[in-house]
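Participant: Please find one structure pasted underneath; my questions will follow.
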Amino acid sequence: MQAELQTALFQAFDTLNLQRVKTFSVPPVTLCGLGALGACGQEAQARGVSHLFVMVDSFLHQAGMTAPLARSLAMKGVAMTVWPCPPGEPCITDVCAAVAQLREAACDGVVAFGGGSVLDAAKAVALLVTNPDQTLSAMTEHSTLRPRLPLIAVPTTAGTGSETTNVTVIIDAVSGRKQVLAHASLMPDVAILDAAVTEGVPPNVTAMTGIDALTHAIEAYSALNATPFTDSLAIGAIAMIGKSLPKAVGYGHDLAARENMLLASCMAGMAFSSAGLGLCHAMAHQPGAALHIPHGQANAMLLPTVMGFNRMVCRERFSQIGRALTNKKSDDRDAIAAVCELIAEVGQSKRLADAGAKPEHYSAWAQAALEDICLRSNPRTATQAQIIDLYAAAG
């Protein structure tokens with residue numbers, strides 16, 4: 001009896017200890033530098049892919065931006081079927097249509113070429129096509145799944161960091177809510193960071209996606225699951241964004257600034273993929289889906305307000321964020337001021353009301369935010385009433 005009790009106690013302690021274990025994961029291969037896109041064919045060939053399903057932003061496809069990708073694949077004898085993704089954030093209906101087309105074309109690998117919406121859609125497609133008995137709504141981070149198709153991610157904006165995360169965000173066609181799924185299988189095999197493909201991104205999109213990357217880095221640095229690995233990536237990303245985002249917005253042909261933003265976005269993605277995000281993302285998903293607000297813009301509307309809410313438990317961390325953004329000694333209030341200044345400098349100082357938000361929306365949004373997976377790692381507990389107040393403050 002005593003031995004059995006001792007075994008049970010040890011098992012209980014082991015379980016508790018495992019709950020405290022934190023993980024850190026990144027894509028197996030990340031290529032960066034001007035011309036890196038030219039390596040796509042080689043990376044596909046190395047993974048035994050003979051026919052790639054190329055999911056591409058419809059505007060980029062019409063503009064002929066996939067030509068370098070096509071040349072790279074042709075040089076290695078890899079066939080391609082192009083799927084122009086509809087504009088806007090991905091909906092499960094669009095994902096299912098892409099899965100059907102991939103099967104019909106008999107492709108054995110996926111390339112995502114576009115912004116975060118395209119990358120998120122491609123990750124879902126690569127996973128669902130090999131798991132036909134599964135649905136995204138039923139999947140969790142602990143689901144046992146068949147291996148997805150080989151996946152190469154080529155971001156054409158610097159913001160989501162989706163090329164280096166185990167997360168995808170898809171809009172549910174019935175509820176209209178954003179579904180956030182985290183699973184190890186969603187991590188791409190290869191991330192290709194080539195600043196040349198971001199050179200033509202308009203200033204407003206550059207600004208919105210850049211603030212999204214900043215939000216990722218700040219929330220990862222503040223997250224409950226932060227580690228020394230994620231801290232180094234997040235604080236480094238914050239410093240790079242503070243220096244490079246205004247340059248990339250002000251002069252889009254500054255390829256050094258563009259490359260720094262791609263790297264910072266990737267670093268922030270690596271950080272939050274392991275550390276988690278927080279209340280800003282949990283709140284931003286709700287008006288973003290309901291009012292079709294671009295994700296980076298929704299984050300810009302809410303980030304300073306949420307930082308003010310979290311400040312009481314993040315004073316030291318926020319001081320480091322302020323130092324990274326301003327390159328001088330800062331306190332927690334300085335960090336929030338520096339974030340507000342950067343948001344204003346790149347033209348993203350808007351309020352929720354500017355996008356059509358009304359006070360009667362706040363209660364339902366707050367309840368949905370409480371159910372959002374991103375809230376798990378927020379450093380301060382929030383109630384529905386507090387979240388309603390935060391929406392009102394940002395309104």
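Just so it is clear, glycine is given a Cβ too, placed from its N, Cα and C backbone atoms.
So Swiss-Prot lists these for the protein:
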BINDING   D57, 116-120, 156-160, K178, 197-201, H295, D354  NAD(+) binding site
BINDING   D212, H216, H281, H295  Fe cation binding site
Participant: Could you work out which of the binding-site residues (D57, D212, D354) has its C-beta surrounded by the smallest number of other C-beta atoms within 10 A?
Facilitator: D354
Participant: For H295 (Fe cation binding site), what residues in its own chain, 6 or more apart in sequence, show a Cβ-Cβ distance under 8 Å?
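Facilitator: Within the chain, H295 (Fe cation binding site) has Cβ neighbours under 8 Å at E89, G116, G159, T160, V169, M208, D212, A284, G288.
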Participant: In whole Å, note down how far the CA of H216 (Fe cation binding site) lies from the CA of D354 (NAD(+) binding site).
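Facilitator: About 23 Å separate the Cα atoms of these two residues.
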Participant: Whole-number answer please: how many Å between the C-alpha atoms of V118 (NAD(+) binding site) and H281 (Fe cation binding site)?
Facilitator: 19
Participant: Among T156, V197, G200, these being the binding-site residues, pick the one whose CA is nearest to that of H216 (Fe cation binding site).
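Facilitator: Comparing Cα positions, the closest of these binding-site residues turns out to be T156.
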Participant: So, in DSSP terms, is D57 (NAD(+) binding site) helix, strand, or coil?
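Facilitator: D57 (NAD(+) binding site) sits in a strand per DSSP.
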Participant: Give the helix, strand or coil assignment DSSP yields for G159 (NAD(+) binding site).
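Facilitator: Note: G159 (NAD(+) binding site) is coil by DSSP, not helix or strand.
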Participant: Can you check which residue among the binding-site residues G159, G200 has the largest number of Cβ atoms within 10 Å of its own?
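Facilitator: In terms of Cβ crowding, the pick is G159.
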Participant: Select one residue from V118, V197: among these binding-site residues, choose the one with the most other Cβ atoms within 10 Å of its Cβ.
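Facilitator: Result of the Cβ crowding comparison: V118.
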Participant: At the level of the C-alpha atoms, what whole-angstrom distance separates T156 (NAD(+) binding site) and H281 (Fe cation binding site)?
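Facilitator: For T156 (NAD(+) binding site) versus H281 (Fe cation binding site), the Cα atoms are 22 Å apart.
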Participant: Out of D57, V197, G200, point to the one nearest H281 (Fe cation binding site) in space (Cα versus Cα); all of them are binding-site residues in the record.
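Facilitator: Its closest listed neighbour, by Cα, is D57.
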Participant: Suppose we draw a 10 Å sphere around the Cβ of H216 (Fe cation binding site). How many other Cβ atoms does it contain, all chains included?
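Facilitator: Result for H216 (Fe cation binding site): 33 neighbouring Cβ atoms inside 10 Å.
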